[in-house]
């Protein structure tokens, strides 16, 4: 991967999208993770620090280290940022785990968090004539590891064509802090949650499988080449198929 060439391509993409929309810049959610850190870094490179706004959106169960890392990144880049705690919004919905009478529901309550955050980002976007820069990567998009009208809701997905392992490589090249690059990836949807635990496979291995699928290799060959059980390959293929709707336009009858 040619990091210099890729950086130029992505910065030009940001400039193009912002220019087409006659926007003043971009706003993005800063989670303290590698994806949002890389997107913020590239946007600053493209637009300058004064045209990038970061929004940190923790809630009462968020890992405090994530907020620290988000602020570390914002300060390193010199961008303005605001902190918008979503705990009270979750309570107003009656979300499980936020009021005493309800248990946390991973599907309903877990997905509510990124949807609230999307609304906040678009508020700041509309208020300041900014575009919302999405932070989902190619591995997540393939696996449907994102919330429809939540973190997948944005004006563009800058790293949507980069696998997670490529995100790591480019982040190192562009100077994203090591403590952000090296920590376990997590969507932060519930306490102790990590991407790889939930996906049941490391990103390093998953990306190799996804690249092989892109090359139209047979599942038996992928299993043999990567020493991955055929059942796991089938599980990944099924997950890709069942989550395609998250990346497709809303269905309209003919």
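Cβ coordinates come from backbone N, Cα and C, glycine included.
The ATP site in Swiss-Prot is built from 29, 30, 31, 32, 33, 34, 35, 36, 135, 164 plus one of 92, 186, namely 186. Neighbour count (other Cβ atoms within 10 Å of the Cβ, all protein chains): 12 for residue 245 (deamido-NAD(+) binding site). In the three-state DSSP scheme, residue 29 (ATP binding site) falls into the strand class.
Checking each of the binding-site residues 31, 135, 186 against residue 245 (deamido-NAD(+) binding site) by C-alpha distance, the shortest gap belongs to 135.
Around the Cβ of residue 246 (deamido-NAD(+) binding site), a 10 Å sphere holds 18 further Cβ atoms from the protein chains shown. The record assigns 115, 148, 155, 245, 246 to the deamido-NAD(+) site; their largest pairwise CA distance measures 18 Å. In sequence order, 56, 66, 70, 135, 188 are the residues near residue 31 (ATP binding site), counting only same-chain partners six or more apart with C-beta under 8 A.
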